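Annotated in Swiss-Prot:
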BINDING   Glu47, Asp120, Glu123  Mg(2+) binding site
ACT_SITE  Asp51  active site
ACT_SITE  Glu123  active site
DOMAIN    160-226  domain 'DRBM'
REGION    201-226  region 'Disordered'
COMPBIAS  214-226  compositional bias 'Low complexity'
Amino acid sequence: MVSVAFKQNLKKKYGIKFNNEKLLEDAFTHSSYANEHPGRKDYEKLEFLGDAVLELAVSDYLYRHFPRLNEGELTRMRSNIVRTEGFSEFAIECGFPEEINLGKGEEKAGARKRKTLLEDVFEAFNGALFLDQGMPAVQHFLHLTVYPLIAEGDFNASRDYKTELQERLQVNGPVKIEYQVISEDESKPSFKVQLLVNGEKVSEGQGRNKKAAEQQAAQAALDKNK
């Protein structure tokens with residue numbers, strides 16, 4: 001069962017109160033739990049729907065907010081957003097892992113922390129929200145969770161700063177480039193890395209995942225050498 005505290009947080013933080021709470025329950029029910037509890041439905045069909053809903057919602061947002069990007073750049077950015085790592089982090093941020101109904105075997109196997117499962121639940125939740133309240137409610141939820149990070153450039157696929165930096169530094173021969181994690185907070189999540197060139201610190205970067213932090217560090221290094 002989805003906890004009362006979670007439902008209260010949904011209302012307080014995101015303004016979401018399900019009219020049909022069974023949809024919410026189904027969105028957090030893994031097939032392993034449904035197999036152990038006859039009569040319970042798992043989230044697989046909601047996940048199927050949510051995948052399509054999220055792709056449409058994100059595509060619409062990118063089309064409206066990034067008019068200068070071409071089709072290829074928009075596609076790459078969308079791919080970065082909807083990848084497993086991205087949605088699993090949003091699921092963690094929203095407190096989804098604790099609410100998932102798992103079978104005993106999956107619970108023992110640590111499935112609650114599995115990124116692919118968290119991505120599935122995030123998609124299922126949005127599928128359930130779409131059925132319960134329509135696309136405007138989904139867009140509202142994404143405006144509070146996903147879209148702010150798109151606006152900040154966390155998923156920018158139009159430039160690859162790491163590759164640009166590597167090409168610039170190695171123009172005269174091999175150079176050792178390292179990205180080291182300084183700190184991480186998986187509860188948020190947030191990563192901070194430092195960039196070393198031939199063992200010397202050049203810059204730092206921070207992001208909601210290691211890849212984003214490394215890109216920011218590379219961008220900072222490029223900005224220093226403009």
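Placement of Cβ uses the backbone N, Cα and C atoms for every residue, glycine included.
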Neighbouring C-beta atoms (10 Å sphere around the C-beta of Asp51 (active site)): 19
Cα distance (Å, whole number) from Asp51 (active site) to Asp120 (Mg(2+) binding site): 8
Between Asp51 (active site) and Glu123 (Mg(2+) binding site), the C-alpha gap once rounded to whole angstrom: 5
Tally of DSSP helical, extended and coil residues in the compositional bias 'Low complexity' (214-226): 11 helix, 0 strand, 2 coil
Output field, Mg(2+) shell: CB within 8 Å of site CB centroid, site Glu47, Asp120, Glu123 dropped: Tyr43, Glu44, Leu46, Phe48, Gly50, Asp51, Glu119, Val121, Phe122, Ala124, Gly127
Stretch-averaged pLDDT - the domain 'DRBM' (160-226): 86
